[in-house]
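See structure below.
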6 protein chains.
Amino acid sequence: MLKPIVLSFFLLVITCNAAVQDFCVADLMGPEGPAGYSCKNPANVTVADFVFTGFRAAGNTTNIINAAVSPAFAAQFPGVNGLGLSIARLDLAPGGVVPMHTHPGASELLLVVQGTIVTGFISSANNVYVKKLVKGDVMVYPQGLLHFQINGGGRTAVAFASFSSPNPGLQITDFALFGNTLPSALVEKTTFLDDAQVKKLKAVLGGSG
Amino acid sequence: MLKPIVLSFFLLVITCNAAVQDFCVADLMGPEGPAGYSCKNPANVTVADFVFTGFRAAGNTTNIINAAVSPAFAAQFPGVNGLGLSIARLDLAPGGVVPMHTHPGASELLLVVQGTIVTGFISSANNVYVKKLVKGDVMVYPQGLLHFQINGGGRTAVAFASFSSPNPGLQITDFALFGNTLPSALVEKTTFLDDAQVKKLKAVLGGSG
Amino acid sequence: MLKPIVLSFFLLVITCNAAVQDFCVADLMGPEGPAGYSCKNPANVTVADFVFTGFRAAGNTTNIINAAVSPAFAAQFPGVNGLGLSIARLDLAPGGVVPMHTHPGASELLLVVQGTIVTGFISSANNVYVKKLVKGDVMVYPQGLLHFQINGGGRTAVAFASFSSPNPGLQITDFALFGNTLPSALVEKTTFLDDAQVKKLKAVLGGSG
Amino acid sequence: MLKPIVLSFFLLVITCNAAVQDFCVADLMGPEGPAGYSCKNPANVTVADFVFTGFRAAGNTTNIINAAVSPAFAAQFPGVNGLGLSIARLDLAPGGVVPMHTHPGASELLLVVQGTIVTGFISSANNVYVKKLVKGDVMVYPQGLLHFQINGGGRTAVAFASFSSPNPGLQITDFALFGNTLPSALVEKTTFLDDAQVKKLKAVLGGSG
Amino acid sequence: MLKPIVLSFFLLVITCNAAVQDFCVADLMGPEGPAGYSCKNPANVTVADFVFTGFRAAGNTTNIINAAVSPAFAAQFPGVNGLGLSIARLDLAPGGVVPMHTHPGASELLLVVQGTIVTGFISSANNVYVKKLVKGDVMVYPQGLLHFQINGGGRTAVAFASFSSPNPGLQITDFALFGNTLPSALVEKTTFLDDAQVKKLKAVLGGSG
Amino acid sequence: MLKPIVLSFFLLVITCNAAVQDFCVADLMGPEGPAGYSCKNPANVTVADFVFTGFRAAGNTTNIINAAVSPAFAAQFPGVNGLGLSIARLDLAPGGVVPMHTHPGASELLLVVQGTIVTGFISSANNVYVKKLVKGDVMVYPQGLLHFQINGGGRTAVAFASFSSPNPGLQITDFALFGNTLPSALVEKTTFLDDAQVKKLKAVLGGSG
């Protein structure tokens, strides 16, 4: 038969456990290391650290690409720091597109929850894998490979992308080529694009040089 | 100026790349190792290997717990093998519950796409983190910790759980304690539950001993 | 033939090495990250940091479970920080038991050094693996799975548990279910235990709600 | 004093060690898994498995880009399988360029051993890091980010690229966009490039669609 | 109230789980990869795979070094394959010594269970950490560093070494230098040892060349 | 057609990305953890952090071993911190030797860029793998195993060693045995070397005790 005295055993255990962390909620103000952010003091951690509510409303797609990407990476969702995964919401109005891009630090699973999406990726062996997804479908993009998403129908599509890292990174090819200070001559030399094409996109995307 | 002769360079590169794999689609018939399944011959890989369509229909919740869990782990979705993530669909009819359980091999992100869900986890330090989630909310459960999901409203709730492994595992506490051949005496000795309680649940859950 | 001048080469090497760390002794006061504690300044590290002497005496088993678990995890044994392993001592008086539990962050090797221990674990596929171990026997429990230890004889048993992480965590099922603020209604809903059973164990283990 | 009898101890040890592998030379014919190729039977491993001699001669740069990349990844150099690194030789004739590309599976260190190279990478935050390297200089490109190399002088440049994986992968942006079956409409939609530009490069690089 | 119909839910779950592996017991006859041995078919796995009984008897120390090392690595103890840890038994008769050695693939925890042991390691920064351990004491040796164990008293000492890998490897310096075909001239050139010394130890340890 | 308004989308993305780090340039003054140094504030990172110019000049080989090793590990080359690789330059004048040593934390790839080098390693199974390398040849040494390099010709040889870690460590056997405070009696007991030999090398290498 059990009596309250059993507490003494458990209290000892819990004392030891006081120093144990099963998680490492990001302290965004602390030093960051190769494995992620420093851990918030566990005494100050609450359930709010493990819940992200920023996906309740749709992203704003009133822009020329008719799309919005809303990340819940470690910087936005401190609870995922150190846990090996994160998530983002994707809104694609009719005609919307998430341009060709890569995530240097993670593989991705795309889940369509509304509408249809035409999506695909290209492998190192230069094979093309493209598919039209409907509500409920999932596609996986292996780490670091070029991929894209396009609204595949006449109404807004919504999807959620899960990543195998709390910090997957995002490199949109157009933005990397035309949206910064990389000189046009270097872009042309390394992509074989024509000068007029490069200059045109640099103007649109705010690049200089 | 570029001429077709440039192909010679690229053809050389692609020859080298023929041996490169950015992915390792599971060959479920091949040998399995600690890092996952063997890779399917890349020459036979198609886009279908990277797409999972099994979530289009709701899971069958006409059971006593009014819930269904449908996994897309490496065994069901070969494309995620080796890529560090997977996903499952969760249907919770009114009154439905996913009983207390752990995933021994992964952290989890729960995304609510319909209805409301009351959910929580318990840490090694024995703190309780419980929250009612609405549509669009996400909760993260650190790897290996006990957690549960309960329908929080009057209509069916649907959620998707992403995992930080293609093979997260699933151990439902009740099933582990009462649904197998573990002798009642051992269950009672290691859980302090009463004999009548153990016998009752063993009968319900099909356990013996 | 060698002359002292060779020193010049080695001194150069050691100068470089001054910045090299083969280890990262925990600085328990510094910031913690997902990979563990910050490193103590190597200039202040001594052999005492790599030696743990807290297992010389038996743990106190004069409690109702007749058992004691004494951890040498990174928090107690700073030298293991970052090195991928740790250890604990287990004392089981006659009738003693380490209740059903998991380590969310590590696999475990149990080595019996005195007496006999009945022990086992349950897998995700719900198979039960139970064995009576004698002095010198070792059992391995895969990461995150429920397992237990019970004194298997008439005299005190002693064992040492090695872990594949300096911070394995410990979640005792009873303590997680009945020893905190998790409301009884949630426990009952997620475990199918009867209200009376839950209330009884909550009283014993100090839980509220 | 030592006598030959000590052999008995060491022979025992070596017997145990017969099963130990410190390496896993790739058996290119065996099953491949997420962690790499199967291991060649260690009894058949020779020093030739750990040495790569394919870099003695320069790569053939008589092509329109005046460059050659010669990999020694696990498929070409079986000894690096499972060891976390690999290497490639880069020859850049005057005017030569390695076009914009990524390695999805590895970070890279570029070491210039002859001539000068203008090289750079672009980060997720869209910062540009470009530098002209001379003989002996090293540049590091973080995993998965776009980077390029251009001959920076009037004579052939030679460099060696080390990678943090035996299977780093290689995705040349131009080749991924214009050298396969990805339909022109999809390229244009996801890159904002003009139709004429896309068609022109598809013709040069052998793409269809 | 619960009825047997709940089984339907759980049976569905267990069907899914049939493909789930929380472990990967080594199939020593199957292909080996960088992450370890292939997995034994889980249908054939029994509790015996997770238990090692080879440490019940002392190792044979009737040799010139008066010591015995008995490993339970993956090759001897298939249950630890893929689980990140292993163990060995060490017997040191009076005067016994485990000569200077490294484990290329793991950190080690030494636990003394009988007698006393003088032990230590040397760091990359060339610091020496030596300690005399008594029964119950633990010392940790960081991965890959030279260390040794010597019986510290007048009676047999017994210890258990845990490793942070199922395949830690073992390289005994003397054996590597003097117990194989490495030519004496190379040994002398790379160690500065005298020719007579090298020849003497080669004779004792069975080396040639 | 694209208009500057597309900027709004990209500006949102770049705002999110401001918190994203694809790299973690070492802040050598910040706290260090098991995964490496703290990250320098990305706002202060420049291309100079990713370029190492310390290999332009040969190392000084006017010492008794006629050799120099110049590391570009994380401590010397902050840009490699957290990226899984590093590099060192090796100069071997005629007769030069890099004595028998290990890298506890990394595998190594040696690339000869001038002259010839005789090099080899010894495995846990005590096999010897030795080869004479010429310009352009590469040899891989698996992690933690003893290896050496000797000038194989009549003129200075130069090589570059890449490592699978930004912090590979370096333990030169002679230096570990004879160049510190490890007592001669312990050296002799654990290596079987004669007292005269130990004393002689301790004198040369500056060891005491």
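For all residues, glycine too, the Cβ spot is worked out from N, Cα and C.
Please treat TrEMBL annotations as automatic predictions, because they have not gone through curation.
Per TrEMBL, the features are as follows:
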BINDING   C:His101, C:His103, C:Glu108, C:His147  Mn(2+) binding site
BINDING   C:His103, C:Glu108  oxalate binding site
DISULFID  C:Cys24-C:Cys39  disulfide bond
DOMAIN    C:53-199  domain 'Cupin type-1'
SIGNAL    C:1-18  signal peptide
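Sequence features annotated in TrEMBL and their locations in the structure.
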residue	record	Cβ contacts under 8 Å, 6 or more apart
C:Cys24	disulfide bond	C:Gly36, C:Tyr37, C:Ser38, C:Cys39, C:Lys40, C:Asn81, C:Gly82, C:Leu83
C:His101	Mn(2+) binding site	C:Leu146, C:His147, C:Phe148, C:Leu170, C:Gln171, C:Ile172, C:Thr173
C:His103	Mn(2+) binding site	C:Tyr141, C:Gln143, C:Gly144, C:Phe163, C:Pro168, C:Gly169, C:Leu170, C:Gln171
C:Glu108	Mn(2+) binding site	C:Val140, C:Tyr141, C:His147, C:Ala161, C:Ser162, C:Phe163, C:Ser164, C:Pro168
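All chains included, 21 other C-beta atoms sit within 10 angstroms of the C-beta of C:His147 (Mn(2+) binding site). Report note: the Mn(2+) site is defined by C:His101, C:His103, C:Glu108, C:His147, and the residues of the same chain whose CB lies within 8 Å of the CB centroid of those residues, excluding them, are C:Thr102, C:Phe121, C:Tyr141, C:Leu145, C:Leu146, C:Ala161, C:Pro168, C:Leu170. As a summary of secondary structure, the domain 'Cupin type-1' (C:53-199) carries 22 helix, 56 strand, 69 coil according to DSSP. Counted within 10 Å of its Cβ, the other Cβ atoms near C:Cys39 (disulfide bond) come to 22, all protein chains included. A distance below 8 A between C-beta atoms marks none of the recorded positions from C:Cys24, C:Glu108, C:His147 as lying next to chain B. In the three-state DSSP scheme, C:Cys39 (disulfide bond) falls into the strand class. Under DSSP, C:Cys24 (disulfide bond) is assigned to coil, being neither helix nor strand in the three-state scheme. Chain F has no C-beta under 8 angstroms from the C-beta of any of the binding-site residues C:His101, C:His103, C:Glu108, C:His147.
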